[in-house]
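Chemist: If you scroll down you'll find the structure; I have some questions about it.
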Amino acid sequence: MAQTPVKVTVTGAAGQIGYALLFRIASGQLLGADVPVTLSLLEIPQAVKAAEGTAMELDDCAFPLLRGIEITDDPNVAFNGANVALLVGAMPRKAGMERGDLLEANGGIFGPQGKAINDHAADDIRVLVVGNPANTNALIAQQHAPDVPAERFTAMTRLDHNRALSQLGAKLQVPVTEIKKMTIWGNHSATQYPDLFHTEVGGKIAAELVDEAWLRDTFIPTVAKRGAAIIEARGASSAASAANAAIDHVYDWVNGTEWTSAAIPSDGSYGVPEGLISSFPVASRNGKWEIIQGLEIDAFSRERIDASVRELEEEREAVRQLGLI
Ligand code: NAD
Ligand code: LMR
């Protein structure tokens, strides 16, 4: 029997990340090489024509798994029956800005989209927020979708996770495949905490394989400020690497993994207040993220996790003040 295609909605489809993402979804990299998909592209009215151009190119690839494309500026149409929603559409920051500076400009996008997801998406909807500030935008969307289980709203810290793997691999001169149990905690911002105290390389704890000064003064800031360094170098924010991380996040969510990083609603684990959408070490089992439990958190890590979580609380308070939740 022919398999029903999975409907994947991508917002900001005509943007930089959208262009890097759509072809990979259509080729089967998001869900699996045997899973047919339909794509729904949501854009603002001025960018619908550009999205139509991208759709023409998607057609021209003749992807065997791509069973249809719709393009719309109406969230109620875009999310109707959606199984996976990638909320990318939002303004990127410019040089000199922090991601939190985008809260006011971008926050307003996510309430209406959350409501449209609530009212129209399929029962198994999974949402990944990429648009910045991603954690708090995910919280805004979730707060407008009371009928959708809260844990279906996630935000992307997989790019930070992949950056951390790459930096550590280069330092230790090992392929990233040798590195296990990397963890990003907290916010997708400069306060995030890439944790090497549980990371293993060849069965040894990574923090013990590097000197403390490198860990504290090079590794952590390089990972946490990598987005700004990319903007400085490219003159535009990361796009292909962000799309790649979105693919990794959803693929693992659907197909399972024993350990990665994702920002998911806190259940109070590790002292992160319940409800905040914070990055944790996670496994995915039976299509659900689970926070990996039982890790020892020393004072060095505690201080950094707390600082990032405090920032998430401040962002939540800011969007309350703005009337966005
Ligand atoms: P871009 O400016 O190239 O594209 C954004 C697109 O979103 C534009 O086409 C715009 O028309 C569209 N858009 C704006 N408002 C919309 C709305 N209400 N509905 C639908 N579409 C809308 O930006 P980009 O480089 O693709 O980045 C998109 C977002 O992703 C930015 O906020 C950026 O900071 C963020 N980002 C996050 C990560 C992460 O790791 N979480 C990584 C990279 C970029
Ligand atoms: C990134 O991490 O590259 C993105 O969040 C873009 C940014 O503003 O840093």
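Note that Cβ sites are derived from N, Cα and C of the backbone, with glycine treated the same way.
The following feature annotations were taken from TrEMBL:
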{"type": "DOMAIN", "residues": "6-148", "note": "domain 'Lactate/malate dehydrogenase N-terminal'"}
{"type": "BINDING", "residues": "Gly12, Ala13, Ala14, Gly15, Gln16, Ile17, Gly18, Asn106, Gln113, Val130, Gly131, Asn132", "note": "NAD(+) binding site"}
{"type": "BINDING", "residues": "Arg93, Arg99, Asn132, Arg163", "note": "substrate binding site"}
{"type": "DOMAIN", "residues": "157-319", "note": "domain 'Lactate/malate dehydrogenase C-terminal'"}
{"type": "ACT_SITE", "residues": "His188", "note": "active site, proton acceptor"}
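Any idea what these are sitting next to in the structure?
Modeler: Here the domain 'Lactate/malate dehydrogenase N-terminal' (6-148) has, by DSSP, the following mix of helix, strand and coil residues: 63 helix, 27 strand, 53 coil.
Long-range C-beta contacts of Gly131 (NAD(+) binding site), restricted to its own chain and to partners at least six residues apart, with a cutoff below 8 Å, comprise Thr11, Gly12, Leu87, Val88, Gly89, Ala90, Asn106, Ile109, Phe110, Asn137.
Within 10 Å of the C-beta atom of Arg163 (substrate binding site) sit 24 other C-beta atoms, taking all shown protein chains into account. Secondary structure at Arg163 (substrate binding site), taken from DSSP and collapsed to helix, strand or coil, is helix.
According to DSSP, His188 (active site, proton acceptor) sits in a coil region rather than a helix or strand.
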Chemist: Between Gln113 (NAD(+) binding site) and Arg163 (substrate binding site), what C-alpha distance do you get in Å?
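Modeler: That separation, Cα to Cα, works out to 29 Å.
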Chemist: Those binding-site residues, Gly18, Arg93, Arg99, Asn132: which ones have a Cβ sitting under 6 Å from ligand 2?
Modeler: Arg93, Arg99, Asn132
Chemist: Compared by Cα position, which of the recorded positions Ala14, Gly18, His188 is the closest one to Arg93 (substrate binding site)?
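Modeler: So, spelling it out, the nearest of the recorded positions is His188.
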Chemist: Which entry in the list of recorded positions, Arg93, His188, has its Cβ near the fewest other Cβ atoms, using 10 Å as the limit?
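Modeler: Lowest Cβ count within 10 Å among the recorded positions (Arg93, His188) is Arg93.
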